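Peer 1: According to TrEMBL, the protein carries these features:
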| type | residues | note |
| --- | --- | --- |
| BINDING | ASP110, GLU111, ASP238 | divalent metal cation binding site |
| COMPBIAS | 34-58 | compositional bias 'Basic and acidic residues' |
| DOMAIN | 104-329 | domain 'RNase H type-2' |
| REGION | 1-58 | region 'Disordered' |
Amino acid sequence: MSSSDTEMEVKSEAVPDETTISVKDEELELDPEDSVKKEETGTAADNEVKADPVKKDTGKVDLAGDDEFTGGLGVFKEALKQFAANPDEDVTVYHLTEKCKKVSCYVGIDEAGRGPVLGPMVYSIFACVADEESINEKKKKGQSLSKIEDCPPVLLDKLSKLNDSKQLTEKVREEIFQKFSDLDYIAFGLKIISPSQIANKSYRRQKYSLNEVSHNAAIELIQGFADRGIKIERVYVDTVGPMDKYQKKLELTFPDLRFKVDKKADSKYKPVSAASVCAKVTRDVALKKWKFPDAENIDLGLAKGWGSGYPGGNAHSYYVYYGVCCCHC
């Protein structure tokens, strides 16, 4: 693996004093498919990805454990450690590689946790070097660049089973995520958004919707890549709210970049699929480490767990809706 850089930033916002709720339910524009965790399908053999061990002779890596790792996994683990220590603060991290600073990359953005009522929302940005050999082959066959970019060839195409994270089992997601740490042609960023921060913004008198939280997280991550020298060819984004309005907002913010905001982008474009996996794995591990502030007064039923945090998750689960505890039985 070529040399890589790792960076981490911890950011927080002051808690506002206002108590007027200004965000209406219809403004959240939640995707119904993102609100209910899909059932896992296929056999174990169909879904399994053969991943190289991250550490020699250690077997399968427990991403929720306390082992120390380098590279992308090291950044990931440190981010979760920081969030677990102070879940009222957002955490932003980047894993960079030199190749992504020198060769054109296609970039994807997706999130996990927009529909669930427990734990943080996680945004991810993911860059992958373009597969120039495949692109040149398509050009020789007469395809235009605009047509090629409808589904841009990237080196991630060689990674087996990569897809929208909702279509993969937890095991496959984790194995794919482990592989990301060893690839020299990718870079990614993660923003763990505290449920406290989301709740605080929703209580402001000046309207600040969940759509704005989502858009600003994406903008921050794009700027983070640009500031760190990632060579961006085009950015593909899974939409939040109206596609045209979101795309125009991004184009006005970054006039030198090209964007494609699309529905179901996580199943159409590999960089968005990869971002989807990064966000989902991060959120899942954060949930495994979740602690309620008044846990001593709540029977958490740890033997059964509290599920995924999605309304359609396990039947016996405890949920927190951005800081408000309730029992779903």
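Using N, Cα and C of the backbone, Cβ positions are placed for all residues, glycine too.
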Peer 1: Summarise the model confidence on the domain 'RNase H type-2' (104-329) as a single mean pLDDT, whole number.
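Peer 2: Mean pLDDT, the domain 'RNase H type-2' (104-329): 83.
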Peer 1: Which one, from the binding-site residues ASP110, GLU111, ASP238, has the smallest tally of other C-beta atoms lying within 10 Å of its C-beta?
Peer 2: GLU111
Peer 1: Using the centroid of the Cβ atoms of ASP110, GLU111, ASP238 as reference, list every other same-chain residue with Cβ within 8 Å of it (recorded divalent metal cation site), in sequence order.
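Peer 2: Counting only non-site residues, the set is ILE109, ALA112, TYR123, SER124, VAL237, VAL240, ALA265, ASP266, VAL272, ALA275, SER276, ALA279.
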